[in-house]
């Protein structure tokens, strides 16, 4: 799918308005892109034909091509997208079902969508437990390529423009290693005349690039921060996550303490639980001490096995013991329900696919 055209989704609303005159035309284009999910400029019939032709000559509306869609029994959907240069990335649509309990005893069921998107082709971090790392790093995604993942998923699932959607930058790649493009995509997602996904519905997950955490904080984007911690001492963390050699636990904790968090929010610490590696109560004790004084919540994640790994999934009993130790001592802690296991769409299972022979 070769192209040398610019990606129009790389432009913010303001940047598009600077290039397209008069102003109402840029608003029409923005509406076609993010509300009507246009696949081509030719569809934009309320634009003059000459303008449609000029746009088509300079820009593409289709920087990604859907290669495969896999459906999970739990309602999740995994997308494999091909980029213009032949590389591929994956994104996942998660259907979350919440229950609201009312005083009269009634229960209201609500469905909401969370989309897990990628920020890079591959990843440099090289975590021992992550399948994405096995393929190495290829390149960063542009803001438009990040944005297009969500746009295509919303269109494919007929998700209304005003439907509540949460975004998690937890797909392929280290988001803070591509901070400028990720930050720009956050702003594009939040545009009120576009997708209107407020920053507090967007979560950026990082392996702990402390200097970039500080930079992200200074940007004042208003996004949620999630730290992929996974170990409570530097020795084990460096075995699991080689990047710990450059960004150790102490530097991460310092950066988190300086990160701006509003009164109703907490920094999420993600802790991937691996059987007989980091799942005992002594680790829970150290974690409690480590997060003392931080507005934190802990998200325990089951390790999701894949072919060739030596790591094992922990038992449900051990997960609950770990959780109970923390919650009884005042630390907010949840166990993440694994989604998309049957289609390899769960945490740590995304990777770039070779288009011949693997799909």
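Note: Cβ is positioned from N, Cα and C throughout, glycine not excepted.
Quick caveat, the model's predicted, so the values are computed rather than measured.
For reference, Swiss-Prot has these:
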| type | residues | note |
| --- | --- | --- |
| ACT_SITE | 90 | active site, proton acceptor |
| DOMAIN | 109-342 | domain 'Radical SAM core' |
| DISULFID | 116-347 | disulfide bond |
| BINDING | 123, 127, 130 | [4Fe-4S] cluster binding site |
| BINDING | 173, 174, 205, 228, 229, 230, 304 | S-adenosyl-L-methionine binding site |
| ACT_SITE | 347 | active site, S-methylcysteine intermediate |
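Swiss-Prot feature annotations superimposed on the structure.
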residue : record                               : DSSP class
90      : active site, proton acceptor         : strand
123     : [4Fe-4S] cluster binding site        : coil
130     : [4Fe-4S] cluster binding site        : coil
173     : S-adenosyl-L-methionine binding site : coil
205     : S-adenosyl-L-methionine binding site : strand
228     : S-adenosyl-L-methionine binding site : strand
304     : S-adenosyl-L-methionine binding site : coil
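Rounded to the nearest whole angstrom, the C-alpha distance between residue 304 (S-adenosyl-L-methionine binding site) and residue 123 ([4Fe-4S] cluster binding site) is 18. Residues 173, 174, 205, 228, 229, 230, 304, recorded as contacting S-adenosyl-L-methionine, have a largest CA-CA distance of 19 Å. The local packing around residue 123 ([4Fe-4S] cluster binding site), expressed as other Cβ atoms within 10 Å of its Cβ over all shown chains, amounts to 26.
Of all the recorded positions in the record (90, 116, 123, 127), the one with the smallest CA separation from residue 173 (S-adenosyl-L-methionine binding site) is 123. A simple Cβ count within 10 Å picks out one of the binding-site residues 205, 228, 304 as the most packed, and that one is 228. Listed recorded positions near residue 174 (S-adenosyl-L-methionine binding site): 123 (candidates 90, 116, 123, 127, 130; Cα-Cα distance within 10 Å). Ranked by how many other Cβ atoms sit within 10 Å of their Cβ, the recorded positions 116, 130 place 130 at the bottom. Neighbours of the residue listed as 'active site, proton acceptor', defined as other CB atoms within 10 A of its CB across all chains, total 25.
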